[in-house]
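**Q** Quick one: the structure is below, and I'll ask about it shortly.
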Amino acid sequence: MAAAAAAATYWLAEHPAIVGFRWSPTHLWFSTWAFLLGFLASYVALCLALDAFLGAALRRRKPLPLGPVPPAHALLMAAVSAAIFAGTLLSAIAEIRDTRWSWRGRSRTTPFRWLLCFPPGTRSSGRVFFWSYAYYLSRYLHAARGVFAVLQRRRGASARVFAHAASVAMAFLWLEFSQSFQLLAILASTLAHAVAFGFRFWVGAGLPAARAARGAPVALACQLALLGCNLACHVGVVWMHFGAVGGGCSGIGAWVFNTLLNAALLWVFLHCYGKRGVCDDGGGATAARARHDGSKEL
């Protein structure tokens, strides 16, 4: 057991490629502003055009059969999210262990404050930013859910497309500006996604007891928990930047833009669940929807 834990720690937090990571627009995939803006424009345009075409071609809101693709994607997302969660957690512990000596006598920084508020001048390098980069790449994989929502003719598909696009943009800003609080956001997000996508795979694959669990609002519960965590982190960053920490927090300009994007995501959430009550990002349908159509698609 100890050997397995040591091996996991090495591969997830101590490997030279992880320790020596550095965010660079010239040496990493998908790391330039041109690529990001090009992807976002293409992604949104393609999804909206596809939604308009299907709306004109199919008079009824009949979903296109996607077969095992959504459950397979959910399984992949659950595995990737679990790996990023474990890597981020172990890397954060290792960074605190290696750097906390430098906090003594020179600042009032504590491990908790460091998790919420990077010191000004922090560069996007090292263990935790390796996993931030992995999280950023996973947002492109996650964006496929927007395409699935359009193809399955789900209500609020356009809002979800914009939500996925905003998620990609936010993850890029975290790396580009070494934004504070991203570690807690990544930990909360990947944990919620691991649970929600694992549930979606379980239901979509028809595993034992899946029919009984189909109406459970797992995705809704995960999104509510994630929204609550994000709100608490934002309040903590404001408190530390303007009062508790001398010198402020790193990436506060990007944090302001991040806050606006989070507000837009909150609007999407309220639009989906508050107004319609049946909107779900591809899985874990609410009981009302499950009783209504009994759909087997995620």
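In case you wondered, yes, glycine gets a Cβ from its N, Cα and C as well.
The structure displayed is predicted, hence computed values, not measured ones.
Pulled these features from TrEMBL for this protein:
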type: TRANSMEM; residues: 32-54; note: transmembrane segment
type: TRANSMEM; residues: 74-93; note: transmembrane segment
type: TRANSMEM; residues: 157-175; note: transmembrane segment
type: TRANSMEM; residues: 181-203; note: transmembrane segment
type: TRANSMEM; residues: 215-240; note: transmembrane segment
type: TRANSMEM; residues: 252-270; note: transmembrane segment
**Q** Compare 157-175, 215-240, 252-270 by their Cβ pairs under 8 Å to the transmembrane segment (181-203) and return the stretch that comes out on top.
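**A** By Cβ pairs under 8 Å, 215-240 leads among 157-175, 215-240, 252-270.
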**Q** Report the listed stretch (74-93, 215-240, 252-270) having the maximum count of Cβ pairs within less than 8 Å of the transmembrane segment (157-175).
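**A** Highest pair count goes to 252-270.
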